[in-house]
């Protein structure tokens, strides 16, 4: 007190002197070093200035000096001799490695000394001896390995001592034996492995003891002897294997932590002598046993946290722990909760029982103050009516990641204060909303059985909701955009007028949001897209059925490999048309309210069947087109003499069989791809039932694989046809039949590739950041998918019907314009030989010229049938382009007789030697008709003669015969 009075007197004199000087027009500035910032109260801040020594020129009345975060490496003797009134000295964050024994001499008023974050290797005991007023000493974050016995001699006023974050290997027992006034001791973050008995025997005033983050494996039973006033004990993050029974010698202990150790069991009555405990942290220990009575009768316990006791099976008894407010028991194998839990814990506010094996819930009716319940990741299967009855204070309820299948419709009836409800990742088929008038946030993600929508009007205060399906957001988005005016007035009145209501956020957040692939009203979107899809559907169904009917008609000739592939391609395209028809029908049935049926459609068998058909048909069509390209290449090479023409009927059949097997194998590949789309669920999650949808999904890899396979198929077709065109010369392509077939397949490949590119681009879009936004977003992706995906199935049969002479011949037979018979078969074979995918007739294997003279002889008796077959050939001639040619057989029949019906009983036309009987010339052996034998070179008189002959024959008039060479019909 005397020193304080002297100091106040000196300060008063200084102030009076300064005032007198000011009265005379002069000023006396306060003494301060130019390297520091000083204040009027005697504080000097010299931190972070890069100083290498203690600054000079400071006022003698400085009581606070901060020279931390500099580069001072040592303190010389008497460096602070001019600062007798210094009370707080901060030297942290320097590189101090040496402190002279006399460096701190003269600092008799020093109370706080901070030496942390330096390079000290031992406690500077000599320099600390004369600091009799020191109350707080920080030596943490150094490299201290030892503490001399006389380190703290003379520091009788010391209250707080920090020795943490050093390299101590043992508790400094001797240096601490005289610190009876010490209240807080920190020895954390060292290398201490053992605490012996009576280690803190003389620290009777100690209140806080931190020993965390050491390597303590063993604690003596009497190590805490003498700590009669200890309230906080921290033993976290050590290697303890046995429960520290020494804590029973701490009668005033209030906060205990020994989490993150290796303690395996907590004995019965473990805390029976620690009745004042308020908080216990026991988590992250491999507990296999917890005594039932371990936590009984802890009347002051407010928080109990036990986490990670993976072997714990029984719920601990909490009898007598009447003031518990927070209970955390997670990561155990507890299967049930005591029915009388709320009878003992009436003031409980927070319960966390997550990550256990709880199957049944008792009634929480007695826990009237409970505000937060966390029961996620358990085995709960149902919520009964009385489980949460009477819990009017409950605000947060987490029941996620359970197996809940049923919730009673009145289970939430009394939860008038509930604002957050998490029911995600369960198996709920319905969610009751009665009583949830105050709910702000609702999570229902992962309840895939929840297909029905929620009524937004039953949740008036809901602001955030997550649902399993985007369609269920349609009700909330629409509700938010069109609020009922009456309800709007009620809200405005409740919040006290428009100004107050404007401050309240009224935005509804619903996830996942509906969009182009999750429409709320119409599946097909705009009318332009809808009309286009309808047109594609009708054309695909009509023309593919027409191609199949004409190709497989019993009136037509036998199928060549090319026509067989045409039929299979039409079948695949027809299935695609069926897929589009299903979408158009669904759009019509769910007109304006697709959200009500979207979930049922996506998750039902109908979408799976339609998706299977779509993937199978599209993949098979792509692969068949590649096979058709290969077949055309082989056929043309054979005709050009590259591989030799097939002569025998057996070889022709073998060739047809090989292509049929190849088509079947490709069909099996397509079936496998369609099945994989169902297995991976890539066709799910979109009402289009296709593996092409917006955003990334688990099936994105499968989608990419499909696109790559289709790309390879188109690339193969393009390479095959490019090589074919390069090898064929202008003279060889001059044959109109050959050129027509090759050109037609080329057009098919070109158009199908063009239609495939947009679909493939949008399939890869999710892999490229920002692509969907750049090209128009999901709306554009959906439009492209709806139009370009089935467009090839629409155009392929149209090309075949409009540009294939083979189809015209089949169509005439389908209409009954032709009859079966030798010349009929001859005309059919010659017209359709080598037809592929709507190509012009090109002889692929020579089967078109397989009729012999015997066949003619049999047909000569039926002059009317021969005339009708010739008439069919003439119709083909007149309906074909000028560049195409008709059957060479009927061509020569017309030359010979003007009409085959006029031949009468002409004898066998061919001799055994292969010469024509009328001329004796060698019969033709080539499989190609010469240009002189085409209908283009025939005179119109011959054509008219055939017509006149047919007219005369029908009326029994005389006939006129002409004699021309008839070519030999080869096998």
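Every residue gets a Cβ built from N, Cα and C, even glycine.
If you check Swiss-Prot, you get these features:
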- 27-60: domain 'LRRNT' (DOMAIN)
- 84-106: repeat 'LRR 2' (REPEAT)
- 131-154: repeat 'LRR 4' (REPEAT)
- 251-273: repeat 'LRR 9' (REPEAT)
- 367-390: repeat 'LRR 14' (REPEAT)
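On the 0 to 100 pLDDT scale, the model's mean across the repeat 'LRR 9' (251-273) is 93. Residue counts for the repeat 'LRR 4' (131-154) under DSSP (helix as H, G, I; strand as E, B; rest coil) come to 0 helix, 4 strand, 20 coil.
Sequence-remote contacts of a segment are chain residues at least 6 beyond its ends whose Cβ falls under 8 Å from one of its Cβ atoms, and for the repeat 'LRR 9' (251-273) they are 212, 228-245, 279-298, 300, 305, 307.
Shown for the repeat 'LRR 2' (84-106): DSSP residue counts in helix, strand and coil, namely 0 helix, 5 strand, 18 coil. Counted with DSSP, the domain 'LRRNT' (27-60) comes out as 0 helix, 5 strand, 29 coil.
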